[in-house]
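Copied over from TrEMBL, here are the features:
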- 8-170: domain 'GTP cyclohydrolase II' (DOMAIN)
- 49, 50, 51, 52, 53, 70, 92, 93, 94, 114, 149, 154: GTP binding site (BINDING)
- 54, 65, 67: Zn(2+) binding site (BINDING)
- 126: active site, proton acceptor (ACT_SITE)
- 128: active site, nucleophile (ACT_SITE)
Ligand SMILES: Nc1nc2c(ncn2[C@@H]2O[C@H](COP(=O)(O)OP(=O)(O)OP(=O)(O)O)[C@@H](O)[C@H]2O)c(=O)[nH]1
Ligand SMILES: [Zn+2]
């Protein structure tokens, strides 16, 4: 198994007390985390999120993207539901790493969009691999998700690995002057489903 469970503890947050499960991806040495709330192993679909690491958005208050806002909205939604899971995946910069993401931002400051910047650096537009999610979800006893995302690739990746996505829950955040182009590129070039709706308004059955 490429990912091994290491330890679990409580994680009190402003939204409620989660359980934090730590996993090691042996091939890369990356340390991934799952936060759970309530009983997620009862066989019913679990409200869930696959959150890709974004140091700038999640921890440094960046307005270039929507990651920090999505992280908070997802944890709030899980706590409100009383049951759910968030996988915090160490896939910084859609898999290219923090320093390369800063290189990409430098190109974006010069006018490139997020996809053009990645390509100019010799990377694919999105290099994420979701294979690690399966052993993490298996360890937690989760077979079916109601997935909070706007990204159809995540829905497909889970389906391909045998995790049923019973519904897609949009997770949309308000635009600001700094993230407008970024969000437009996600919708236009990366296939993200970004309409005028806001998080929690619609649950799309799949
Ligand atoms: N290479 C690169 N990565 C970025 C950029 N902006 C954000 N990211 C990374 O993108 C990842 C988040 O992916 P997004 O495309 O914003 O959203 P998503 O996870 O595919 O979809 P949602 O589930 O709807 O949030 C994080 O790992 C961020 O670090 C950028 O301009 N360039
Ligand atoms: Zn981000």
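A Cβ is built for glycine as well, from the same backbone N, Cα and C atoms used for every other residue.
Shown on the structure are the features that TrEMBL records.
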residue	record	DSSP class
49	GTP binding site	strand
54	Zn(2+) binding site	coil
65	Zn(2+) binding site	coil
92	GTP binding site	helix
126	active site, proton acceptor	coil
149	GTP binding site	coil
I'd like to verify something. Among the recorded positions 49, 51, 53, 92, 94, 126, which ones have a C-beta closer than 6 angstroms to some atom of ligand 2?
none
Within 8 Å of the Cβ centroid of the Zn(2+) site residues 54, 65, 67, which other residues of the same chain have their Cβ?
52, 56, 57, 58, 62, 64, 66, 68, 70
Which recorded positions among 49, 51, 126, 128, 149 have CB under 6 Å of ligand 1?
149
Find the shortest Cα-Cα separation between the residue listed as 'active site, nucleophile' and the binding-site residues 54, 65, 94, 149, and name the residue that gives it.
94
Densest Cβ neighbourhood among 51, 128 (recorded positions), 10 Å radius:
51
Considering Cα atoms only, can you say which of 65, 67, 126 is the nearest neighbour of residue 51 (GTP binding site) among these recorded positions?
67
Name the residue among the binding-site residues 49, 94 whose Cβ has the smallest number of other Cβ atoms within 10 Å.
94
Spatially, which candidate from the recorded positions 54, 65, 67, 126 is nearest to residue 94 (GTP binding site), comparing Cα atoms?
126
Looking only at the domain 'GTP cyclohydrolase II' (8-170), report the model's average pLDDT.
97
